[in-house]
Amino acid sequence: MAQMMTLSLLSLVLALCIPWTQGSDGGGQDCCLKYSQKKIPYSIVRGYRKQEPSLGCPIPAILFSPRKHSKPELCANPEEGWVQNLMRRLDQPPAPGKQSPGCRKNRGTSKSGKKGKGSKGCKRTEQTQPSRG
């Protein structure tokens, strides 16, 4: 009788612990479920990440991060040529003296009428891309 009670209690404890070990990464992962039907322009993208089926997502995908942080990531098929070209372009460091597409520094006068102040988000030093791995 004592063995039966111990076995039941052990089974209950095990059953309660299993869901916590499966979700111990801090929550579920956002997965792309279908690909965008339109080509995504370089001018609206700031970076990307890869989605692998081996990590629990249903399809392989490239998730492009839009420049506007309030917008959702854009999913694309990693086998399409335009997707590979866009990834290559994002991986390249910007040419010296070139600004990112979203930077408006030195494009005339600001609202206050002062020149040369630069605009929010524009860096005066050379920008570097974070390494992808």
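The backbone N, Cα and C atoms fix where each Cβ goes, glycine too.
Residues or ranges marked as compositional bias 'Basic residues' by Swiss-Prot: 104-122.
What Swiss-Prot records for Cys31-Cys57 (among others) is disulfide bond, and it gives similarity to another entry as the kind of evidence. Sequence-distant contacts of Cys31 (disulfide bond), defined as residues of its own chain at least six apart whose C-beta falls under 8 angstroms from its C-beta, comprise Gln51, Gly56, Cys57, Pro58.
Residues or ranges marked as disulfide bond by Swiss-Prot on the basis of similarity to another entry: Cys32-Cys75 (among others). The local packing around Cys32 (disulfide bond), expressed as other Cβ atoms within 10 Å of its Cβ over all shown chains, amounts to 19. In the three-state DSSP assignment, the secondary structure recorded for Cys32 (disulfide bond) is coil.
What Swiss-Prot lists as disulfide bond is Cys103-Cys122 (among others).
Residues or ranges marked as region 'Disordered' by Swiss-Prot: 86-133.
According to Swiss-Prot, the feature region 'C-terminal basic extension' maps to 98-133.
The signal peptide annotation in Swiss-Prot covers 1-23, and the record cites sequence analysis as its basis.
Averaged across the region 'C-terminal basic extension' (98-133), the predicted model reaches a pLDDT of 49.
DSSP assigns Cys75 (disulfide bond) to a strand segment in the three-state reduction. Cβ environment of Cys75 (disulfide bond): Cys32, Leu33, Lys34, Tyr35, Ser36, Gln51, Ala61, Ile62, Leu63, Phe64 lie under 8 Å away, each six or more residues apart in the same chain.
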